[in-house]
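Below is one structure, written out as structure tokens; comments come after it.
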Amino acid sequence: VAVSLNINDHLICLFSYAVSSKIEPFYKGGKVQISQDEQYIFCTCGPRVNILQIDTGKIIHSIEQDDQEDITSFSLSPDDEILVTASRALLLKQWDWKQEKCTRSWRAIHNVPVASMTFDCTSTLLATGGCDGTIKLWDVVKQYCTHNLKGSSGVVHLVEFHPDISRLQLFSSSVDCGIRIWDLRTSKCICVLESHYSAVTSLAFSPDGQTLISSGRDKICSVWDLKKKAVKRTVPVYEAVEGVVVLPGKSDYSQMGVKGEGLHFVTAGSKGVLRVWDSSSARCVFTQTLPDAPALNTEEADLDPRSLMHLLPMPQSNRLATVTAEHNILIYQMPALTVQQQFVGYNDDILDVKFLGKDDTHIVVATNSSQLKVFELATNSCQILYGHTDTILSIDVFRKGSMFASCAKDKSLRLWKMDLKSGHVHCVAQGSGHSNAVGSVACSRLKKGFLVSGSQDCTIKMWDLPDPLPDVGCEPVLMTARLTERAHDKDVNSVTISPNDKLLASGSQDRTAKLWSLADMSLLGIFRGHSRGVWCVQFSPVDQVLATASADGSIKIWSIQEFSCLRTFEGHDASVLKVIFVSRGTQLVSSGSDGLVKLWTIKTNECVKTFDAHQDKVWALHGSSKDDLMVTGSADSTITLWKVRSLEEDWRGTESKLLEVQCEVSEASDDLGCRVVCWCWSIQEDGIQELEKTLLKLRQDQKESVLRFSVVWNTNSRSCLDAQAVLQVLLTHLSPEEILQYQGTRTHLEGLIPYTERHMQRIGRLLQASMFLDYMWQKMRITGGKDR
């Protein structure tokens with residue numbers, strides 16, 4: 001297509017963002033299992049079983065139910081070859097998990113969902129415990145049901161084979177708190193072990209198979225002699241125990257208090273720490289210490305998010321894995337029980353996120369909890385920071401990135417420092433003084449000299465930083481507020497400090513933003529114009545302007561000298577929650593309650609790009625120090641990392657092809673490339689004819705790609721005309737039979753209908769408005785004529 005303009009001049013000034021990586025929820029509670037080779041963690045997440053590679057922290061496979069029914073239980077065979085899942089649809093499915101392929105499915109026969117499942121050591125027998133009180137055994141090789149064991153009362157939540165397969169014994173437990181031993185030769189229950197008064201949570205066998213240790217939520221562990229089928233010793237552990245693991249006898253565990261050769265076991269429960277017990281003396285010989293976490297209140301320990309819900313052995317590498325009530329998976333190296341790796345399975349609502357580290361190598365995240373999470377972007381490994389006692393609402397980072405501040409609903413704020421060599425973060429100072437939740441905090445820009453906080457008590461406080469800061473391992477020092485000012489009539493939602501540390505801006509639920517002098521906290525002016533509360537305020541890094549984001553769905557740019565509104569940006573369908581300046585102050589990025597992130601060009605007052613990567617409110621938004629990365633966090637529990645990309649970078653070398661007489665859409669290998677091609681056609685007088693000629697020459701797979709891209713373009717009013725032009729050519733020249741042969745055509749066409757109807761409605765409203773303007777113009781002319 002011959003294009004009479006310099007494409008390079010246009011492409012070089014256009015910038016966009018592309019998703020670089022995501023931190024998504026992969027575990028929301030339920031069963032967790034580690035593969036026999038200790039390379040993978042299997043865990044449930046709704047209708048999926050996610051498979052996490054331990055070394056990299058990445059989800060490498062995701063096994064998903066076709067019917068989207070939640071998975072109630074699963075089990076991986078000891079040879080790591082077979083994965084079997086059970087869903088609420090009462091189906092059992094056998095998977096080749098490495099290929100993510102279902103190889104077989106069959107009815108579970110249970111009348112209600114399967115609650116527990118396990119393989120025997122030969123990987124041939126599978127036991128399933130149902131909510132109907134029955135246990136069924138399946139031969140997964142010959143594919144038939146071998147046993148139907150009845151006698152349990154209520155939900156069978158625990159099934160385990162005896163490790164000695166020659167015994168052919170199965171152990172189970174249900175809501176009656178007993179442990180049943182089943183003889184698989186006769187299909188009968190030969191014994192019921194009764195000792196617990198609440199649900200039995202875990203079973204562990206001694207290496208010789210003669211001793212069984214059971215744990216329960218009745219705060220005891222029972223040591224059983226399987227020959228006599230009687231309790232040898234009851235160990236009071238004074239916490240609800242969720243997991244128990246027997247220590248192997250070969251290694252040296254003297255660091256964990258193990259001195260003799262007797263049987264020792266590890267427990268995990270509501271107190272959130274691992275403890276080692278001597279089974280013969282019933283004494284605790286070792287208690288794990290968590291140096292970064294405050295002590296638990298034992299009276300409320302059952303409700304603490306650090307409570308441990310699972311304990312899993314990793315004997316090959318001499319490690320243990322635990323799962324917390326907050327869905328965090330921690331891997332400890334024995335015998336020191338030091339945290340080797342930590343994965344966050346579910347973040348809950350992401351309320352704030354900031355880049356951290358000298359080169360933005362980490363991010364610090366505030367979620368709907370009292371803990372901060374620091375992720376290393378290269379490995380997704382996480383450090384959890386304790387200190388606040390209620391939900392953390394806001395974070396801000398000092399300029400060089402090694403220190404940051406947080407504030408929370410507990411009416412306090414804390415100062416944290418990162419060791420740039422080790423990446424370890426610790427709290428160095430804390431302050432309190434607000435009478436209500438502290439909703440926003442801002443750090444000084446030029447020097448690490450002070451903090452400013454804004455609270456729901458309508459006040460703003462300025463805090464001086466302690467000098468010198470305490471060393472690692474020392475107690476945090478107390479900060480006191482130097483200045484306090486009643487700033488607004490309602491909650492203070494946001495505070496920010498100017499790049500020169502001389503001005504402070506605040507935004508409030510009272511629909512105003514205010515400018516303050518930091519020298520004496522005197523009020524310089526008020527920005528009025530929003531019709532609802534102001535969620536975010538932000539100074540430009542280069543100009544003397546302030547950006548505000550409001551619940552009225554608009555963004556405004558204000559002059560900080562005249563306090564007048566210079567620009568108004570409208571495009572979000574709901575509250576705008578965050579706004580930042582990017583591209584050296586020439587563009588804005590905003591995030592809103594509609595789940596969208598928008599890129600705006602300040603000079604033209606236009607939204608140049610809309611990013612739809614989240615399913616819920618986007619509370620968190622931050623740009624890196626080099627202006628080349630952006631991170632967003634949403635109430636959908638997803639953190640998205642964005643990388644800046646220019647069209648010149650994406651399509652360097654494509655401009656020559658666009659200037660050729662014949663141009664194939666196939667050269668543009670993705671959505672953006674096809675858009676550039678169609679844009680070049682659209683600016684010509686005979687562009688539609690040229691578009692028609694070229695599209696009809698394409699192969700079928702290329703037409704499928706263009707159709708798929710058109711569905712995406714059609715969702716945006718700025719690109720819908722290109723989409724409609726392509727659709728007009730395809731629907732005019734291709735028969736319905738040809739189009740239906742394209743892959744995914746039915747889905748694509750269904751996706752076109754609602755947005756096309758919306759565009760038609762918009763055009764209809766525009767046509768009505770234009771008629772009204774024409775009518776007014778005619779009336780004005782008539783009136784003017786009479787006057788003359």
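For all residues, glycine too, the Cβ spot is worked out from N, Cα and C.
Taken from TrEMBL as is:
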type	residues	note
DOMAIN	684-780	domain 'U3 small nucleolar RNA-associated protein 13 C-terminal'
REPEAT	107-140	repeat 'WD'
REPEAT	149-192	repeat 'WD'
REPEAT	193-234	repeat 'WD'
REPEAT	385-419	repeat 'WD'
REPEAT	431-465	repeat 'WD'
REPEAT	485-526	repeat 'WD'
REPEAT	527-568	repeat 'WD'
REPEAT	569-610	repeat 'WD'
REPEAT	611-646	repeat 'WD'
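If you look at the repeat 'WD' (485-526), the same-chain residues 6 or more away from its ends with a CB under 8 A from one of its CBs are 439-447, 449, 452-456, 458-462, 532-539, 541, 546, 548, 550, 558, 560, 563. Model confidence over the repeat 'WD' (385-419) is summarised by a mean pLDDT of 91.
Listed by sequence, the residues of this chain that lie at least six past the ends of the repeat 'WD' (569-610) yet keep a Cβ under 8 A from its Cβ atoms are 14-17, 532, 535-536, 538, 540-543, 547-557, 616-623, 627, 630, 632, 634, 636, 644, 716, 718.
Same-chain residues lying 6 or more positions outside the repeat 'WD' (611-646) and placing a CB less than 8 Å from one of its CB atoms are 11-12, 14-25, 346-355, 360, 363, 365-366, 375, 377, 399, 401, 577-584, 589-593, 595-599, 715.
Residue counts for the repeat 'WD' (527-568) by DSSP state, with H, G and I taken as helix and E and B as strand, are 0 helix, 24 strand, 18 coil. Taken residue by residue, the repeat 'WD' (611-646) breaks down under DSSP into 0 helix, 18 strand, 18 coil.
DSSP labels the residues of the repeat 'WD' (107-140) in these numbers: 0 helix, 18 strand, 16 coil. Secondary structure of the repeat 'WD' (569-610) per DSSP, as helix, strand and coil residue counts: 0 helix, 25 strand, 17 coil.
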